[in-house]
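Worksheet for the structure shown next.
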Amino acid sequence: MATPLMEMDNIKKNFGPVIALGGVSFDVFAGECHCLLGDNGAGKSTFIKTMSGVHKPTGGVIRVNGKEVSFATPRDAMTAGIATVYQDLAMIPLMSVTRNFWMGREPRKGFGPFKWIDFKTAHRITFEEMARMGINLREADQAVGTLSGGERQSVAIARAVHFGAKVLILDEPTSALGVRQTSNVLATIDRVRKAGIGVVFITHNVRHAMAVGDRFTVLNRGQTHGTAKRGDIKPEELQDLMAGGQELAELEGSLGGTI
Amino acid sequence: MTDERLKQVSSLRRAMIRPELGAICGAILVFVFFLMIAGDSGMFAPEGIKNWTVVSAQFAIIAVGACLLMIAGEFDLSVGSMIGFSGVVIAILSVHMGWPVWAAIIAAFVVAMAIGALNGFLVIKTGLPSFIVTLAFLYILRGLTIWLSISTTRQTIIGGVKEAAVGDPLAFLFGGVIFKDLFQWFGDMGWVGTFTRGTRTGQPIVEGIPMLVVWAIVLVIFGHFLLTRTRFGNWIFAAGGDAKAARYVGVPVDRVKILMFMFTAFCATVFATCQVMEFGSAAADRGLLKEFEAIICVVIGGALLTGGYGSVIGAALGALIFGVVQQGLFFAGAESSLFRVFLGTILILAVIMNTYIRRLITGER
């Protein structure tokens, strides 16, 4: 069997007396979309922050391409090819698409200590990458604030892909979006996966997960409840696992299976 | 997926809609206004121009620092106290302790920038709003300045710097005048009035460009280039726009903010040094209210108080408006207290307009 691009082995994380993660294992292979499902407070955020180098795990091992790593900063994780797109922190709305796209890695030209941003190249590449994601910008220096929520997610995804992400972690990319924008983002995920990138899709929406996911892992109260392959599990079962079982099943019954 | 609801924007509109638009309109308005009410008062004669240019340049020097810091998402209310402090440090070291003036100036810059760094460090480490931290330094520095001045020289005004600075290489950089020959030629050609009596007969009334103005121009160009063209400038916007998002993509937000606090202190010290060299003295009460005047210039110039948006050119225009209004009312013979009424009115009008423009640009609601 191939080595996973990224492997989180028995990750534990405590915040003082609070156990946020009690031994979570998770892995992602090239070209697959591995969905991490969980209700609010399940530890999803803590887990992806550990994956992306924001938090250091209290225990457990992180491996990238089979090699053990330790991330001191988010930058370390990015260098290792782990890119994270956060739900509401993806973009800075007051700044232009180009400035956001290149933030932290601005292309420069000039000589010696006198270097400035090569805006011509930056604009051109931003424009091309956006077009590839299916977004036609009016101009690359328009502010991100003028884009819709789905478009902002796509800019962030395009940015990660352009900078050579091997693993793309998406933190609830669809949770605040309308129907059409959601399908655009899901289509983008599909495109990214087909390009050979391992996608980690965090969501609490089973339908969105079922639409693109290859494998599914459910996180509940800081624990995983196993990983299932596509076709091995029904949406209802996922839903139950997320909620911790019984109660929701009863609730769902009274709502006629609409959640 | 081109959104058919996005209107095509004409290039004229695109050129017009920029952060500085409010300040540009304000500046034009102010000039037209004073050309009308004070056009024949000498305000627009060479000497009058020099008068309000110098005042505007003073505002511009501290506004550049305040502008970059505000865009990085922080305030510095200790700018005014820093001006008094740096001036007194230079005077004590050079006059009282007998240091060469250049060494005193360098020492003042080092101390001021260290305090700026401390300001930034406290803001970053405590997570307190910079408003509070620098408000504390407004008092701490002012108190220290008066204490230092009185405990070493028993007075709050320390003179004798001019005598100490004669022939000093660094002192010229702050108190000197350049293009003297050019202005002498202007005088000879009759474009600039010349003295007709006294020891300076035949010399032009405006003897050249004061270094203060040169500093203002250099700082504005430097600030504008840094902000709009460099990687570091992008980080300044990012740090103020959303520090957390910036951190997540690897922008060293803490470093950017601390450096901007240091730059603000640098600008305050440039202001202080120019003033000390011009007056030949330092006073413990110099720079009073300058922090607010700097912030007003920046806000008139289109910067967002909460950070992440703004323009150095706008701040410079804000400083120009400020200087022209202050000196223009004097030329127009208006009651000087009206200056504040006028200023307050401009401030509100400019901010209303800037808010509208910003919404157009950023799609903010």
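Here the Cβ of each residue, glycine as well, is placed from N, Cα and C on the backbone.
Annotated transmembrane segment per TrEMBL: B:21-39 (among others), in sequence order.
Look at TrEMBL and you will find B:51-70 (among others) tagged as transmembrane segment.
Sequence annotations record features per position, and here TrEMBL assigns transmembrane segment to B:77-95 (among others). Cβ atoms under 8 Å from those of the transmembrane segment (B:77-95) belong to residues 62, 65-66, 101, 103-105, 107-109, 111-112, 115-116, 119, 131, 134-135, 137-142, 144-145, 148-149, 152-153, 158-161, 164-165, 264-265, 267-269, 271-273, 275-276, 281-292, 294 of the same chain, restricted to positions at least 6 beyond its ends.
Per TrEMBL, the feature transmembrane segment maps to B:101-124 (among others).
Marked as transmembrane segment by TrEMBL: B:131-150 (among others).
Tertiary proximity for the transmembrane segment (B:170-187) is limited to same-chain residues at least six positions away from its ends with a CB under 8 Å from its CB atoms, namely 46, 101-102, 105-106, 193-194, 202-212, 214-215, 270, 273-274, 276-278. Among the features that TrEMBL reports, transmembrane segment is placed at B:170-187 (among others).
As annotated by TrEMBL, transmembrane segment applies to B:208-227 (among others).
Here TrEMBL flags B:258-280 (among others) as transmembrane segment. Residues 58, 61-62, 64-66, 68-69, 72, 74, 76, 79, 82-87, 90-91, 105, 108-109, 112-113, 115-117, 119-121, 123-124, 159-163, 165, 171, 174-175, 210-212, 215, 219, 236, 286-287, 290 of the same chain lie 6 or more positions beyond the ends of the transmembrane segment (B:258-280) yet place their CB under 8 Å from a CB of it.
Sequence-distant contacts of the transmembrane segment (B:292-325) (same chain, six or more residues past either end, CB-CB distance under 8 Å): 18-24, 26-27, 30-31, 34, 52-60, 62-68, 70-75, 79-80, 216, 220, 223-224, 227, 237-242, 339, 342-343, 346-347, 350-351, 354, 357-358, 362. Among the features that TrEMBL reports, transmembrane segment is placed at B:292-325 (among others).
According to TrEMBL, the feature transmembrane segment maps to B:337-357 (among others). Proximity of distant same-chain residues to the transmembrane segment (B:337-357), defined by a Cβ-Cβ separation under 8 Å and at least 6 residues beyond the stretch ends, is recorded for 17-19, 21-23, 25-26, 30, 296, 299-300, 302, 318, 321-322, 325-326, 329.
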Near the transmembrane segment (B:51-70) in space but 6 or more residues beyond its ends, with Cβ under 8 Å, are 43, 76, 79, 83, 210, 212-213, 215-217, 219-220, 222-223, 226-227, 236, 240, 260-261, 263-268, 270-271, 274-275, 290-291, 293-295, 297-298, 301, 303-305, 307, 310-312, 314-316, 318-320, 322-324, 326-328
